Each structure stands twice: as structure tokens, then as C-alpha cells.
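Annotated transmembrane segment per TrEMBL: A:20-39, A:107-131, A:143-164, A:176-194, A:224-242, A:249-269, A:275-296, in sequence order. What TrEMBL records for A:107-296 is domain 'ABC transmembrane type-1'.
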Amino acid sequence: MSYSVTDPSPRQKWTAGTLVVAYALITLLPLLWIIATGFKSPSDAIAYPPKVIFEPTLEGYVNLFTTRTRMSPDALSALGEPATWYDRIVRQYDMVISGPSRYGERFLNSVIIGFGSTFLSVFLGTLAAYAFSRFKVPLKDDLMFFILSTRMMPPIAVAIPIFLMFRQLGLSDTHLGMILLYTGVNLSLSVWLLKGFIDEIPVEYEEAALIDGYTRFQAFTKVVLPQAATGIASTAIFCLIFSWNEYAFAVLLTSGTAQTAPPFIPTIIGVGKDWPAVAAGATLFLVPVMVFTILLRKHLLRGITFGAVRK
Amino acid sequence: MTDETTSRVHTTAPVRLARQIRGLSDRAVAWIFIAPTIFLLLAINIFPLIWTIRLSLTNYRANRTSADLEWVGLRNYQRILNDPDIWNSMQATAHFLLWTLVLQVLIGFTLAYLINKKFRGNDMWTTIIVLPMMLSPAVVGNFWTFLYQPQIGLFNYVVGFLTGADPSSFSMIGDVALAPWSIVIVDTWMWTPFVMLICLAGLRSIPDSIYEAAECDRASKWRQFWTITIPMALPFLMLAVLFRGIENFKMFDLVVQLTGGGPGSITELTSINLKREAFEKWRTGYASAYAVILFVTVFGLASIYVKALNKVKER
């Protein structure tokens, strides 16, 4: 085996590994705590000292998805045996389920707006990125910088005129309005990232296709798009995560029909200090992003720096 | 025209002819591809910006649209620069910005340095460390208020366990002295991985041969660190600071959920302050002027910084 002077010694590796693992475990603790709290009963959740070992229950999840009303013991016994497992959980507290909560709707709004704006921003972004990558566009650098600079504005600063504009156009609190808005915000990311990915595809492939008699458009759809597929997919995930997590615009511009989950989840706590329900709502909302992050790990650096740093 | 638009494609005459017959010219394709993006960005970003500037010269109130619009010139700007509330929130933002950057750079760089020792499983642990920064700041910030609860919160319990203090004796988000630190801690927890990832890319970009040459010259490890590692990783570190600086200057979601700007207005960062003026007090004209000032500040600072960054890169 060859020995290199620059290779860390086994002891150095061991020390470094231990420190990093220790940091990772500490940093993971709040996230594990969210997930664990979702499976606690309300009394276990606020126990002192904090409970690490507890009896798991789905109460938090039942409370998250339902609204409940309290009933007198007489009225309860008149109802007979609870029909389902979730009825049984609610009955322990002398309550019955009176209907679904808003959480399902809000979650669905997040999905619709997230996917809608992701599709639009990746679609438009791919077209623009291709043009910036392959053609001579007048003022190209200025246009690219302009696209990036749209990210420097604080969302609240842009929110004032957008609030007025949406009110005038009837887009306030609509899915379409939010999709357009998030697309506008995401475009800078998608153009910059996709330009980087397309730049890496050799021009020779398209030249060959053009010589074979393809039109420019055919060369784009049949040669470039398949080559850029991984880049497009990871850009899409970044856009999706951004729209999914966005809070400032959502809280200012939506209230009812188009409200997404981030402004809604904190309001769950409003009545009754029900932390397990909040944690359950947060868990369902955060876990998909964690999964996506693990899938994305190879392109993560690129995505968070707008393509400025490529590994 | 054809010369310019086909310059990247080495075409031969028959192909050019064929394309003219069967498809659009490259220039037409380019504009068709770019136009929708530019249009949407103008509509969502530039048009609102111009509108903000216009509103900033008026006394407009968005909740009273029937009132007469009065032009007040630069009076809004003048009042803002003399408003002690706004200077307070600027100070809160500066404190937040300074400490989050210092902590994230120190911890992030150290972690990257350790990960670069290439111990077994370093990829997996890097991915785990990165998780917090991808999550929704509002949702996570909201949950941190639970972790910060005096008696029952996990954070207070752990701190109490380590220092021997009573977990119910201090309240991170209720205490005027501790609240500014509560937001620094959560932001650092969330965003250190960002700095770490960029530093790691920087460290990995340094070729082994430089260290080998230094070993031959018998430079000490300490010396190698300060004369090779730091200077070569510096452009990356500065880039990380740029990104975090802009993001934290705009900070809203995490802090609004965590402390809501309180207690009092001790953690009221500029974005939260602006939101109050615009959407609670409904002083739209005044808030617009405020927004313009913030944008100019961020844009100005970022431009100066980018110039410095480019100088470091050239060196």
C-alpha cells in the first residue's frame, strides 16, 4: 500500500469522526424530538423531566386531523361503544369527533401550489437556461445578473405591491396567484442551476443532430433534454422544497382557500396547548423534505449556491 | 444576422438552408425561450419594485383606498431615518447578523475540516448534518418555542443538566437578555451546515500536491494550515458569508415564529418591523419607503462585498 504524507493518520481520522458524529447527533436531537412528540400523549409531552421513553399513541395524529366536542358522560354512554380506533382514543377524554380539521386541506394546498409552481418554474427555466447557454443573447451577463438580483429583495418588501396587485387582479388567496408568485421567485434559482447543467452537455451532440437534419427545436427536445434529465430533476426538487417551505408570502397573501401548511401549523397550538398535534403536523410536513434531501445529496451544494459552487 | 446567431454551430450551407425551410432561426428560438421568464420576473419583481418606489413618495394606506392620495415627496424617507424604532430594529438585525455569521463560520469551517479527514462514513454523516437547513423555518421555529419552554422544554433541560442550573429558572424567549441569543442559536443550528458544505467544497478543491510540496519543505502542520488551507479556502468561505448575510438580512419566517419580535421589540428584525408598519399599522407609503431603504442597503452591501470577493479570487 502506498503511503502519502497528506493522508490523515488513523488516530486523526478517529478523532475527527467522533467529533463529527457527536455534532450530528446533537443537531439531530430537535428533529427526533419533533417526531417523538407526535407520538406522545399530551401529558407525556409536557412531563418534567422530559420523557425519552414513553408509550406511543396516535392521539396527536387523531387530534391533528379532527375537530372534537366535549360531551357529558350520560350523553357519551348513550352513544354506545366507539366504532373505530380513533373514536376510542377521543372517548378517553369524554369527547366525540365532530368533523375533519383544516390540516388536510392546508396540506393539499401546499401540494397543489408546490407542484404547480415547480412545474412552471422548471419548464420556463429550462427554456431560458437553454437559450442563455447556447445562443448569443444581447446583454447576456446583465440579464443573468438581473435574474439573480431578484432574490436579494426581502419578501416583505415585495409583498406590499404584490398584495395590492393581487387585490386588483382578484388573485388574493387563490392557488393561481400563489403558483405565479412562487414561480416568479423560483425562476432565478431554476435558470441559474439549469444553465450550469446545460453548459456541461457538450455542444457537439446538438451539432451532430443539426447536421443530421434536426431542427433547433428537435435538437433541444431529443438531444439536450434527455441529457439534462438529472439536472432538471434535482432543480425541480429544489424548487419544490422552496415553495413547500415558504412562509412570508403565504402568511401575508393567503388566509382561507389557498393557505398552505407553514402558516397553518403554528396555529394548531392556539387552542389547548396540544403539542403532540403540532408535532404530528410538523412531522408529516417535514419528513418528505428529509427524504428528498437524502435523494438530492449529490447535487445539494450546487442547489443551495445557485450553481456557484460545483463539487 | 445569420452570422451572429449561428456562430456556435459550425453549419454548412445545406444545413442552414434546411433549417430556414423547416424551423425557426436561432435568434427567434432564443427569444421565444427567454421571453416568458423575463416577462414573469418583470411582473413579479420589477413592476412591484417600481410600484414600491412610487408608493414611497405618497401617504397611501392600503386599508383606506378611498382616501385621497397625497404626494409627500421624500418626507417618508426623512422620517424613517429619524425613527428610533427603526434604528432599534437595525441594531437587532446587526446583532443577529454578526453573531450568526461568526458562529456559523467557526463551527461550519471546523466541521468541514474534520469531515475532510475522510473518516469512514463521512458522507452519511454529512447528509445527516445537512437535514435542518432544508426544512421549513416557520414550522421548525414554531417547534423550537416548545424546546425553549422553561420547565418542560428539552433545551432548558439539557442546559440545566450540563450546567447545573434549574431548567425553570430561565426563559430563552421570554427574557430580554436571552431572547437575542435564542434566535442566534436556532439560526446557527439550522444554517451551519450550509457554511460547512461550501467550506468542504473549498477544502476538497485544494490539490494534495501543494501539501506534499510543503511537507518536503518541512513546513509545520500549523504553518501549512495558515499558509495553504486558509488562503485557498477563503473565497469559498466568503461566498458562504455572502449567501448567509443576504439571507439573514432578509430574515423573517424563523424569527417571527420563534419570538415574534419580542419580548417588547428586542428581537424585532427589520423584516418583522417592516411587516408591522405595512400590514398591521397599514402605513403603506411609509413602509414602502422603508422597503426601498432595506433593498438599497442589501444591494449596496452585497455589491461592495462581491467586489472584495473577486479581488480575493484573483489573488
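One-based numbering along the chain as shown.
Just so you know, glycine gets a Cβ as well, placed from its N, Cα and C.
Automatic, uncurated: that is what TrEMBL annotation is.
Long-range contacts of the transmembrane segment (A:249-269) within its own chain (CB-CB distance under 8 A, at least 6 residues past either end) are made by residues 64, 102-103, 106-107, 109-110, 113-114, 155-156, 159, 162-163, 166, 172-175, 177-178, 181-182, 185, 275, 277-278, 281-282, 285.
Across A:107-131, A:143-164, A:176-194, A:224-242, A:275-296, the stretch most heavily in contact with the transmembrane segment (A:20-39), judged by Cβ pairs under 8 Å, is A:275-296. Put simply, of A:107-131, A:143-164, A:224-242, A:275-296, the stretch with the most CB pairs closer than 8 A to the transmembrane segment (A:176-194) is A:107-131. For the transmembrane segment (A:275-296), the list of distant contacts is 31, 34-42, 45-46, 59-61, 63-64, 103, 107, 110, 234, 237-238, 240-241, 244-245, 261-262, 265-266, 268-269, 303: same-chain residues at least six beyond its ends, Cβ to Cβ under 8 Å. Beyond the transmembrane segment (A:107-131), the same-chain residues lying 6 or more positions past its ends with a Cβ under 8 Å from any Cβ of the stretch are 137, 175, 178-183, 186-187, 189-195, 197-198, 220, 224-225, 228, 232, 235-236, 239-240, 243-244, 254, 257-262, 284-285.
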